Amino acid sequence: MLTTLAWTAVKQMVPSENQEEESQVSVNGKRSKPEDAGGEGEYHPAKLSRRDLYKPPTAEELNQLKEAESLFHCSLLKMQMEELLKEVVLSERRKQQIDSFIQTVTELLRTVPDSPQVELSDLSWLSSAVKVPFLLVPKTTKGKFHMAPPASVDLIGSYPLGTCTKPRITVDLAVTIPANVLQQKDVLNQRYPRKRALYLAGLAQYLASSSDIGSMRYSCLHGNRLRPVLLLTPSGKDSSSFTLRVHAGPPPGFFKPSRFHPQRNNIRTEWYSGLQMSQGSSEPPTPHYNSSVLGDLLPRAHLQFLSAVSSQCSALADGVALLKVWLRQRELDQGTGCFNGFLASMLLAYLLTTHRISNSMTAYQLLRNSLNFLASTDLTVNGISLARDPDATAPSLAEFHNAFQVVFVDPSGHLNMCADMTASTYKQLQHEASVSMEFWDNPTVDGFDSLLMTPKPMIRTSDHVFQLCELVKLQSSCKKMDLLSELMDHSGNYVQTALPFILTLLQQGLGQRIHLLTHSLSPVPEWPVESEAPKHKDQPPLSFGLLLNPELAASALERGPAADSPTAAEFRQLWGSRSELRRFQDGSITEAVVWGGETMCQKRLVPRQIITHLLQLHADIPDSCIRYVGAMVDDVIQTGSEVPSTGEEESLLVVQSYDDLSRKLWGLKGLPLSITAVQGAHPALRYTQVFPPVPLKVGYSFFDREKTSRSLVPKESKPCPAYITPITVICHMEGSGKWPHDRLAIRHIRTAFHIRLGVLLEKQHGYTCKPCPAHLDVWKDGLLFRIQVAYHREAQVLRERMTDKGLLVVRDNEEAQTLEMATVHKPLLTSTLHGLQQQHQSFGGSCRLAKRWLGAQLFSKDITEDTADLLVASLFLQPAPFTPPGSPQVGLLRFLCLLSSFDWRNNPLIVNLNNQLTAPDYTEIRNDFMASRESLPVLFLATPKDKKQSLWTKRAPSVQMLQRVVVVAAESLKLLEHQLMDREQIQDVRVVMRPPLDAYDVLIHLNPKQVPLLAQAVDPHPVTFSRGLMAGRIAPSGGALPVIDYNPVSLYLAELRDAFGDLALFFCDPHGGTVIAVLWKPKAFVPIGFKTSQMSARKVEVNGEQANTIPNVEAILEDFRILGKGLIKSVDARTEKWSF
C-alpha cells in the first residue's frame, strides 16, 4: 500500500483533468486555491511541511488506496491503466482541429447544388473524375435520382460520445438524403443502396473543388459493400492526423422497420438472377440485405441511447477505450464482421441496463466485467437484446437466430448488430476473453502488458495457418454448395456468402483435433474517388487459424460410426471416397478414414490433408488454391531424404537406448559402492538437440587403428569422418566414509570407478568401452554414451582450503561451480525439461528451431543451449496472453518475439519449472534483482533452484551481444512473418537463417570436406565424398571404438579464441557452418606504450620519441592460416579498421 506521502507525491506529479480537486492539502486542513499551483500545464514536486508529511490521509485518499489494494495486483497496475487512457484519448488541440474541420465540411455540404432528375442507371451527370462506390451487379434497376442539398448534417458515432481513441482517429458525420430523392419502394432490389452510393458520389464531385479538403477516398462501413462511405482528410500538415467519415442515410423513420424483418424478402430472384420462380414457391428471405438497409435508419437513435447511458456512468468512455485497445491487440476490431467500437459501447450499455455492472464502477472494473460476460455468454446460442419494450412487429430472438449466426439486438428490437459476424469470430472473441480472465488474477503474470500491450497477430497466435488464395474460386464454391439464395442476400459477395459454410465444413471435419478455428476479417477496402469500386476477388487471401488439440491433432485415424449406425451415411457423405469399412482389434467394424504419415513431422500435417480433401470434395476448391503455412519453417531442421523427420523419432531412439543403459548400470554386479542415481545431462535426452544423434555403422577401411587400444583414428588423406556426439550421463555413487577428503584423491577414485565400470559393462554386456580420468565412453546401439562418475561431496571439498594457521576456510570458486553445473544443475535441468516435453509435444521442436536460428545467426556461443532451452520453456510455462505453442513454428515466432521485446534491462525472466514458485517468490526475485541489478548478468534467468545468480547466463551474453541478438531477432521476426503470410514474397523461409556477414571484419572460409556436420547447414552443400559410414543393420554391442567428438571446426575455434581472444571475437554456425566470422575488438586497436611483455601479435610504431604497439594484422591473418592448415580454404579481410 502506498504511504500518504507517496500517494500525495503521485497526485502532485501526474497531470489530471480534476487538478483543482486534487490540489494538495494545506497546513490548516483546507484545500489551497487553484492559483497557488504553478502556471497552466506546469507540475512541480510538492513542498510539504513536516506536519503535512505525517498528516492522516483524507477520506478520498483512503478510498483510492482501498480501491488500489482490492481491485489491482498493485497500485502500479492502476497507474499503468490510467497512463494508457491518457495516451489513447484525444487531446484538446486535436479536438479543436477536428471541430474546425467538421464545421468547414458541414458548411460546404449545405451548399451542394441541385441536379436534374435522371434514371437511376444514368450516370451522365457525374464527371469522369468521380466514380460510383458500388458494384452495379445487376447493371440496372428501376428508379429516379437527382442531387439535392442534405436535409441535415449530424455528428454520430464515437466522437460525440467521447469514446473516440487514437491511433486511428475516425469521426463519423451523417448526411441525411432529402426525402424527395427517395421513394418507399427503394428498399427493393438495391435501389436505396445505389441511391446512397450515387449521393456520396455527388458529394465527392462537389467537394473535389474545395481547397479545404486534403484527400478524398471511398470505403465501406465495416467492409459492407452495401454501405459505402466517403473518407475526407483536412489539407495541410494535419492531413494524416484524423479522418472524417461521411455516411449518407434516409431521413429517420422514412422506411418502416417491419419491412426489414429477417424473414422478409427485399431482393427479387428474377431481377437478380433472371430466373423465374417456380409456381407455389416463395421468395427466399434476405436478412443480411435487410439489416444493411435498416442500419442506416438508426445511427441517431443509437447515439441518443448511448448518450443517455453514458450520462449515468462517468467511467463508461474510459471502459470503452480499454475494451477497444483490448480488441485492437487481438485484431478483432477491424474488417467485415468485426467486434467494433460501436459493439463495445453497446455491450457495456447492455451490462449497465441489465444491472450486471453498476454506474459507480471504474474503467478497470468495466473491462473486467465485460470480458467475464463475453467469456461466459455464447451469443451464437443465446442472443441478447437491448430492446426493453419492442413493438409487435419486432422479430423474436428465435427468428434472429434462424437468420444469423450471432445475435445482439439493438434498442429498437429490429436490428441485429452482429448480422455480419460469423460464429467462428464470436468463438474467437469468447476464447480470447476466457484466456484473459485466466491470467487476469494471476499475480505472477504482468496483467497489464498481457491484456493491453501485447499484439496477437494470427500467425503468432494460431498453431497452424492456411490461406485461400484465389478467392474467385469461391464463386464455383457457391454453385457447388447451392448457395444462390445466400449469394443474392449478400448482393453478390461470394466471399462472405461461402465463408460461413466453409467454416462449418472444416469445423465438422477437424472436430476434436482443434480447440478453435478462426479466420481473418476481410480488410475494409479503401480506394480513390476516381477509381471503380474494387471487385470481391481483389481482396487479400482469406487466412484461417487452427488452435490444435495436441493429443488428437496428429492422429492418422479418423474413426467413424459402426457400419449399421444411422449416422454412417452422414459420415460417408462427409468424407467421400476416403471413408472405408475397417475391422479393429476390439472386433468392431466401423467406418474409418486413414491419413498418411510415418514420422511426426508428416503426422503434424494431417490437418492439412483433411482441409484440402474437404475443400476439394465439397467446395470445389483445388489444392493449388490452398497455401498451408503450418510447418514451413520445420524444413530447416528436417533430415532424411526418403522419409523426412524433424528429430522426434531420433530423440526417442536415443532416450530408449539411454533408458536401457541406465537399467544395466543399476544392475551391474561387482562394484565396491552402489549407484545412487543415473541422470542424463545432454540436450538429446530432453528432446531439444537441434539434430539428435543417429545410430551409425562405421566402415573400418576408412580409418587407421590406434596401436594399443585398436580404436579407430582418422586418416589424414580422407575427409573428416562423421561426427559422433558423446551423450553425457552422470552416474552418482553412494556416500561412504572410505571416500577421501582430498581433491586429487577423489579424482583418482573416480578414475578407478570409470575403469571398473568399463570392465563390468564389457564383461556383462559386451559393450566397447574406453575409460579416461574424466569419463568413460561406451559404444552402444551405434551411439556413444559418455559416463561421468560423481561424488556428491566433491564440490564442497573443492571449496574448502586449509590456511597456514590450520584454519579451514570455505570459499566458492570457479572449479567448484563448474563441477556443480555439470553434475547437479545440468542433470536436473535435463530431467525437468524431459518432463515438460511429455506435457507439450511441441516443446522439443520449438527448442530445436530456436537453437537452429541462434546457431545460423552465429549467436550459439552467447545464448548457450541450456539458456535457449530455458527461454523456450518460459513460453510454455507462462504463455500469457497466448496459449502454449502447439507447433514448433509458432514456438519459434514467439521465441523471436520474446528476445526482441522483453525488457532485459529492468526485468528478470522467471522460468517457473514444475510450478514451484509462488507469488511471494516472484516478488522476492524481482526485489533482489532490482537491488543488485548492476552486478547481475545482463540477461537474467531465474528458476526455482536459482533465484539470485542466473547461473546459466553468468558468462554470456555480454551487453553488446545481447543488443545484437535483440536487433537481429526483431528483424528476423518481421521478415519471417512476412514470408509466411504474404504469398507475394519469394517463398524462402531459410532467409531468416542466413546471417548478415557485412558487419564482420574477416571471413575465414573452411574446406567443406573437413566440416563433419556439413549436411546440417542451412543451405546444404552437394556431398560427393564419404565420411566413413556404411548402410546396414547396426549391432547393439561390440565393434571397434569409433572416432569420438572430433570436430576440427570447433577445435580450431577454441585455438583462435585462446590465442587471439583479447583482439577479436570469433563466430561460427556449429551446425555445418563453413565460414568463421571475425570481429576486431575496437579497444585492441588503441595504441599502447611499448613493453616487451606485451608484444604478442603486435608491432611497434614510432611516432617522434614515443614508441607504441598496435596489432599486427597481417601477421595475425597469417597465423589464422597456419593454425588452420588443411581446414582453411581462404581468409578474406573485408575492412580496414586496423589502418591508423
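Note: Cβ is positioned from N, Cα and C throughout, glycine not excepted.
TrEMBL entries are annotated by machine, without manual review.
So that you can see what the record holds, here are the features copied from TrEMBL:
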type     : residues : note
COMPBIAS : 32-53    : compositional bias 'Basic and acidic residues'
DOMAIN   : 171-311  : domain 'Nrap protein'
DOMAIN   : 316-454  : domain 'Nrap protein'
DOMAIN   : 460-619  : domain 'Nrap protein'
DOMAIN   : 634-838  : domain 'Nrap protein'
DOMAIN   : 840-994  : domain 'Nrap protein'
DOMAIN   : 997-1131 : domain 'Nrap protein'
REGION   : 13-53    : region 'Disordered'
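Count of Cβ pairs under 8 Å against the domain 'Nrap protein' (634-838): among 171-311, 460-619, 997-1131, the largest is for 997-1131. Taking DSSP states H, G and I as helix and E and B as strand, the domain 'Nrap protein' (316-454) has 73 helix, 5 strand, 61 coil. Per-residue pLDDT, averaged along the domain 'Nrap protein' (171-311), amounts to 90 for this model. Across the domain 'Nrap protein' (171-311), DSSP helix (H, G, I), strand (E, B) and coil residues number 58 helix, 33 strand, 50 coil. Helix, strand and coil residue tallies for the domain 'Nrap protein' (997-1131), in that order: 37 helix, 35 strand, 63 coil [DSSP].
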